[in-house]
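Engineer: The structure's right below; bear with me while I get my questions together.
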Amino acid sequence: MTLLAKDQAISAEYNPWKYYLPLVIVYLLVFSALFYETVWSMVSIWIRSETFAHAFLILPLSIWLVWEKRAYLRYEQPEFSWLGMVALFGAGFLWLFGYLVDALVVQQFTWVAAFIAGIWAILGNRIAWLIAFPLAFLFFLVPAGEDLVPAMMEFTADFTVALVRLTGIPVYREGLFFTLPSGNWSVVEACSGIRYLIASVTLGCLYAYLTYSSMKKRLIFIVISIIVPVIANGFRAYIIVMLGHMSDMTIATGVDHLIYGWLFFGLVIFLLITIGSWFRDPEVAEKPPVKHIINIPENHHGFRQALPSTLAALALIAIWPVFAYAIQNKATLLPATQMSAITDVKNWKTVEQSHWDWQPVSPGSEELSQYFEQQNVRVGMYLQYYFTQHQGAELINSQNLIVDPTLKAWRVAGQKPVSISLGSHRVDVDQTLLKGPNSTLLIWSWYRVGDYYTSNKYIAKLMEGLARLTFDRQDAGKITVAIQLDKEGQEAERATLLQSFLTGILPEIENTVDHVAGVK
């Protein structure tokens, strides 16, 4: 009998995949059941959001990519990986952290990471490396990217206004709003280009993997697939504005400009792939898999050989939902007292109402809104407080907005970080210039987590998670103060007055919150 014939005979007798594959499937089913809330949080977004509807194709595509490697996998012996177990432990811990701070996107990314790490632990390093891209491609299951929308809207506005001015048309810009002689325009979420970017990157990664064998070429094409849709969206917005301007606002001012946008994006993707195909690696016969004799474990017993690694992975990942349940259901103290109004701020008198019909939006919080006056200058203080948090009632949430979107008369004219004094510390806060029908407001806002101040939502989430893991105080709030501007160029003067107001009211805010939390 030839060596190849012996190889085939042995392979037919001992095929490890008939034991490992069913156990991998069992692992994935049990794993998904343990984290069903995280799984459903992703699927529900795919269902309701067109931006992420493509995610339904990611798992089938990954399975197909693995299937394409079957000739190579056939001759690999699965083996337990300690590196995979370390990665699984890390992913599980990060999932727990995301769960405790109600950060869905963290839970979703770490769920996918644990999904991959479990397969790695069960099948081993060689096999995990062989199917590295199909596994990594699973990260596109996560409906992420919405946090990029504000930055992309700002870039689109900058790009569009710059091109319109280069065309020779005068433009007056105020935040995301700009005015041409022919009419008014604004950059809204649908104009940000986030859908184009997500679609382009997903397609670009898949195309690069299938088209190029060189890692350098793959990375270059992926970078191009990120840059091109962002720039193309700027040109799309410019073309839409010019169509509206030249047609006296009769073309591209309604839903038709979205249609033009997708047609333009389709053309851009077609050109991107066409250009990419010019640099594809030459067609060469794929190197056949090495048909070697699999090292058959001594005294192998089929499933009994494959079962320990599967059970170890399941045991390691199962501890995190248990920890989450134990921490979540720990006896929660009730607020020590109700939040009371602040009555004494040095040099400021309390008044009943503001001169404006605005206040920040923060669903699920306990709210305290008060107004103060000094020499006919009125200031508003808004405290959104959370003694405990859960989904739908949390400090960091996309529903918490500086301006209610239903208040069409109010618009953000500018935003930037500024450094102010909060007690004995200098803290960066978010400054917003808000313009309304009869008022212009200068607004400062920041977070207080326990007794820690920050305006960075990621740091705030981190502090929340650490507090829950260490069973420290878990209350948090957002503090917003606003002062009215009576004329142009008054920002610096009113900012000084607002700082003076904060110096007087901040100790009162801290005392109020600490009393509710039972700290004082």
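Every residue gets a Cβ built from N, Cα and C, even glycine.
I grabbed these lines from TrEMBL:
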- 20-39: transmembrane segment (TRANSMEM)
- 45-67: transmembrane segment (TRANSMEM)
- 79-98: transmembrane segment (TRANSMEM)
- 104-122: transmembrane segment (TRANSMEM)
- 127-145: transmembrane segment (TRANSMEM)
- 194-212: transmembrane segment (TRANSMEM)
- 219-239: transmembrane segment (TRANSMEM)
- 259-279: transmembrane segment (TRANSMEM)
- 306-327: transmembrane segment (TRANSMEM)
- 312-510: domain 'Methanolan biosynthesis EpsI' (DOMAIN)
Engineer: Short question: which residues 6 or more past the ends of the transmembrane segment (259-279) have a Cβ under 8 Å from it?
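Structural biologist: Contacts of the transmembrane segment (259-279) (Cβ under 8 Å, skipping residues fewer than 6 from its ends): 196, 199-200, 203-204, 207-208, 211-212, 217, 221, 224-225, 228-229, 232-233, 235-236, 239-240, 243, 252.
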Engineer: Which whole-number mean pLDDT does the model give the domain 'Methanolan biosynthesis EpsI' (312-510)?
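Structural biologist: For the domain 'Methanolan biosynthesis EpsI' (312-510), the model's average pLDDT rounds to 84.
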Engineer: Check the transmembrane segment (45-67) against each of 20-39, 79-98, 104-122, 127-145, 306-327 and return whichever range has the most CB pairs under 8 Å.
Structural biologist: 127-145
Engineer: Counting only residues 6+ away from its ends, which parts of the chain sit with a Cβ under 8 Å from the transmembrane segment (127-145)?
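Structural biologist: Result: 42, 45-46, 49, 51-52, 54-55, 58-59, 61-63, 65-66, 69, 72-73, 76, 78, 81, 84, 105, 108-109, 112-113, 115-116, 119-120, 194, 197-198, 202, 205-206, 209.
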Engineer: Do any residues, 6 or more residues outside the transmembrane segment (194-212), come within under 8 Å Cβ-to-Cβ of it, and if so which ones?
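Structural biologist: That would be 50-52, 54, 58, 61, 65, 133, 137, 140, 145-146, 148-149, 152, 218-219, 221-222, 224-226, 228-230, 232-233, 265, 268-269, 272-273, 276-277, 279-281.
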